[in-house]
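According to TrEMBL, the protein has these features:
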type: TRANSMEM; residues: 16-39; note: transmembrane segment
type: TRANSMEM; residues: 51-70; note: transmembrane segment
type: TRANSMEM; residues: 176-196; note: transmembrane segment
type: TRANSMEM; residues: 201-224; note: transmembrane segment
type: TRANSMEM; residues: 244-268; note: transmembrane segment
Amino acid sequence: MQTAVFPFYTLWRTPFLFDTTIVEIIIICLVTATTFIIILPGIRGKFRTFWLVRVLTSLFIGAVILAVNFTNDWQVGTVNTTTVYKSFSNTMVNASIGMWIGLRGVNITLAGNPVHQLNETINYNERFSWESRIQYDIDYHEGLERGLPSPILYVAEKLNSRSPCTLHQQYCISTYYSSAIMWAAFCFWILSNVLFCMPFLVYGICMLFATAVCIIVSLTSFATVKQAPECSIHFGSTVLHTRFGLSFWMSFATGLLCLIISIILLTIHMRRPSLLRRLFNFKETEELCSNTDKEENSVTEEDKIDTISQML
C-alpha cells in the first residue's frame, strides 16, 4: 500500500471520451450512404429521388437501433457542488458530478471546476458494467482497491447490489430486456429491407411495423426504472437528479418514424396498390403474371386428375 494520499493510480488513466463501437457504426453508415448517393445518377425512373430518401431513411433507422445498444446516455444527470474529494480527508473541491446510464452499464464522471485543483487534474470517467449480475460488484471492488475519488464511490455504492436501494436490480432487469428487444427490432429492420427488395411489400410493411413496436416496448421496459423507489443521491444540500437522455429520445423518434412510415405505406397499399408497386420499382403486371401462372398450374393439375380418373 502506498503512503501517498488517496486516491492514487499506478498509471495515468485517460478519461473516457467516446465509444469506438459507435464511431465504427457511424462510419459504416456514412460510407454506405455516400455509395448510394454516388450511384444515384445511374438509376433510371421518375422515382429515384424517392429511392434515395428510402435508402437514407432506412440507414438512419438501422444506425440508431444499432448504436443505442452501446451508448451511455439513456438516462443522465449532473450536479455542480462542493464536496469531499479524497477518502479519509476533509479537503473540499468544487466539481461537477455526472451519472450516465446506458443499456450495458453506467459511467460516473467527476470534473473539477476548474479542472486543475489541489495540484492535481480532476477529470475522471469511470465505468461500472451490469451486463452480468456480479460484474458491477467486481468493478466496484476494483474501484475501491484503486482508490477512486470519494464522490464516484459514493454514487457507485448507491447502485451496488448490496445497497438498501433497489436500483441495481431494477436497472439490471430493465436494461437486459430493453437491450434484447432492441436487438429484435434490429432483426425485424433487416427483414423489412429484404422484403422491400422483393415483391412482398405487405410483409415488408408488417416487419417495419414490428420494428416500431419492438422499439416502443424496449423504451417502456427501460422507463420502468422510474417506478422504482426513489433513492436520493445527496451532495450537501444538492441532489443528483436524472432524466431521460439523448439515446432514449432518439430511439423514441425512430420508433415513431417507423410507425408513421408503416401506416402510410399500408394506407397506400389498401387504396392504390399500383402506386406502391411503382414506388418500389416493381412492374404493375408482376402480380398478375404470378396469378396467371398459378391459374395455369391449377388447370393443368385438374386435367391430370381428370385423365387419371378416366383411366381408372
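Positions of Cβ are set from backbone N, Cα and C atoms, glycine also.
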* **Contact yes or no, the transmembrane segment (244-268) and the transmembrane segment (16-39), 3+ Cβ pairs under 8 Å, gap 6+** => no
* Asked: With the transmembrane segment (16-39) as the reference, which stretch in 51-70, 176-196, 201-224 has the largest tally of C-beta pairs below 8 Å?
  -> 51-70
* To do: Sort out the residues at least 6 away from either end of the transmembrane segment (201-224), same chain, that have Cβ-Cβ distances under 8 Å to it, and list them.
  => 61, 65, 74-75, 103, 170, 174-175, 177-179, 181-182, 184-185, 188-189, 191-195, 244, 248, 251-252, 254-256, 258-259, 261-263, 265-266, 269, 276-277, 280, 282
